[in-house]
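These notes concern the structure reproduced below.
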Amino acid sequence: MAENKAPDPKQRQRAEAYAPDPAGGPMTTDQGVVVEHTDDALRAGERGPTLLEDFHFREKITRFDHERIPERVVHARGAGAYGYFEPYASCAEFTRAAFLQDPAVRTPVFVRFSTVQGPRGSADTVRDVRGFATKFYTSEGNYDLVGNNFPVFFIQDGIKFPDFVHAVKMEPHNEIPTGASAHDTLWDFVSLQPETLHTVMWLMSDRAIPRSYRMMQGFGVHTFRFVDAGGKGTFVKFHWKPKLGVHSLVWDEAQEVMGRDPDFNRRDLWETIEAGQYPEWELGVQLVPEQDEHQFDFDLLDATKIIPEEQVPVRPIGRMVLDRNPDNFFAETEQVAFCTANVVPGIDFTNDPLLQARNFSYLDTQLIRLGGPNFAHIPVNRPVVDVRNNQRDGYHQEEIHRGANYSPNSLGGGCPALGTVDEGAYRHLAERVDGVKIRRRSPSFEDHYTQAAMFWHSMADWEKRHIVDAFRFELGKVDAVPVRERTVEQLAHVDHELATAVAEGIGVAAPTRTSTPDPRPSPALSLVNNQGENTIATRQIALLATDGVDAHQASVLRDTLRERGAVAEVLAPHDGTVRAADGTALTVDRALPTVAAVLYDAVVLTGGSEPGDGADGDAARRFVRNAYRHGKPVAAYGPATTLLTRLLPDEVRLSTPDGEVTADRGVVSAGTADSPFTEEFVKAVAAHRFRDRPVPRD
Ligand code: HDE
């Protein structure tokens, strides 16, 4: 798994950035004066007032007072990592972008994942879109692909962005709800703005609660352009596909995780990178020749639409691996500044009105968030190529410019000189544009229902059930009944069955029957068809043990799972060790009261004394029942199969305490933990979830 960790150009540059060595000498003030005492302020007498002349005290407090900067107005909560991108082959046929030419050239990247609605301190597992923003430090300057984990967006024109964000954010009077869309203002907006519907379908699906940042797709959303060396353009949509497949939590679980571990996704990213199990994505492109622009029944410039993969296949062009955690969250992850307008030669824009607005917004917001125009000097934002121009001064200027600061000049020898296209200069695609000034959307943007219906009809039955449940949850929290009613009427334009099921759950009248689009599924949209590699790598497996456990079997199982890349942990009612049947001790990794089933992907009952009626027993039983209810692999061997039989519904087929291995919808049991049991269990873990199980008893 571990890859070559020789420093790339970005890492070399970071290493050179000023980073004080705490061990290099004594503590000093910001002015370099050595500090003798930092625990008591200077005062007039032991019980007297603090003195204004205590410059160390005042500096320390002042610096503390100013530690925070404004959080991002959206996407405030995030986590990031460094890595690299390498193309599989030259893409010269479509684009001259240098980083897409040579498979031998690795381009350093920094990626930041985020939620959208919640503030910086909000929980990770909320129902929300996830940001997926990548900065490529290329040999031609920085290229930012600022995407999301949904391929579509809520609105068609950027001028609606403040309205949409005001509606989805916490309500202005009481700043509730944090990190949630289940409130009146969002649904009021949705019910009045049908262009939101396609993306709302994604938001109500399990895509909005990813199991891990490592297990979600990323999309550039807009149609962009590749431009080749001859100046020919090709429309392009960008896709990131995770090697581990696309996997989600279930809503009940996601809600519990918010309390148990609000850093769930952030921790997962950090820990897997620290463990050397580097997340990986494949970059794919959908390419459309310029002359085919009008071949679709939607507009390529409309960001509420996808190009179905069945219509234009996704062509893999390279892979990205994240292999380094940042050293300092604030300096790097918080201060990173992405912008859709950061493009390199060979990549260009289209007239998508959402993209055009974004090209303005990102730099504008960073001027306030990062306190001035020099944020490109911050190490994480610095290109790895030289920067030379006549831009000067401003807050936090880090360069000491010398010489002429205007162009043309003779006094500075005419420097910096301009570059040619052959030298890598950016030249915009010479697209012909003419039209009358008008505030109107093209009629080709009018259909808001066909693709929302396509998404719905592409879902497996369990995905549909989850979508209905999500609508019922969200609208069930909306106080204004007319908003509930209007939303149901909107859904009736997508699918009558969906709208009726939602209406029943939220106590409003069944919707009127209107014509709905023909079902035209795109199988690529279902999670069922995005499972990824068949592996248990990085899966979190709980081995529940109590005194009396067969230590040998339990430790062989634990070690086998670890050898295959899983994180297998022994959980017991208390920390320390459990006493094994043979008198040895089995080390406990975590005490049950500090964890819960929602933090694991699978559970094995390894035996030992039966959990009693007290809190310990309750915790163990709840652990198993929850794992089962959430569709996770559940297993037991030997005497523990008896307990499992009591906890699970009668319809589940189970082995006896000395029987052959039995596997039924992800429930694996056997007389011993030998190889047949382990192999069946590994298969179940690799399959992630089992959605069609008999209802558990309580
Ligand atoms: Fe953003 N968006 N956005 N957005 N967006 C920001 O920029 C904006 C949109 C996305 O990890 C802001 O530096 C407008 C679509 C990500 O730092 C801001 C519109 C997509 C991130 C902004 C959109 C995104 C942002 C806030 C409608 C997916 C986090 C802080 C025209 C393709 C980047 C900042 C990070 C952040 C504006 C719509 C993705 C305010 C005006 C569509 C991943 O500039």
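Using N, Cα and C of the backbone, Cβ positions are placed for all residues, glycine too.
Nobody curates TrEMBL annotations by hand; they come from automatic prediction.
Predicted, not measured: the structure shown is a model, and the values here were computed from it.
Per TrEMBL, the candidate among R112, R207, R211, R315 that belongs to the heme site alongside R72, F161, R358, Y362, R369 is R112. Of all ranges given (1-31, 373-403), TrEMBL attaches the label region 'Disordered' to 1-31. Applying DSSP to the region 'Disordered' (1-31) sorts its residues as follows: 8 helix, 1 strand, 22 coil. Residues 38, 55-56, 59, 63, 82, 84, 106, 108, 110, 137, 276-278, 321, 323-324, 327, 379-380, 382, 384, 537, 565 of the same chain sit 6 or more residues outside the region 'Disordered' (1-31) yet have a Cβ under 8 Å from a Cβ within it.
Following the DSSP three-state reduction, the secondary structure of R112 (heme binding site) is strand.
Computed over the domain 'Catalase core' (28-415), the whole-number mean pLDDT of the model equals 98. Maximum intra-site Cα distance, heme binding residues R72, R112, F161, R358, Y362, R369: 21 Å.
When the Cα atoms are compared, F161 (heme binding site) and H75 (active site) turn out to be 13 Å apart. When the alpha carbons of R369 (heme binding site) and H75 (active site) are compared, the span between them is 13 angstrom.
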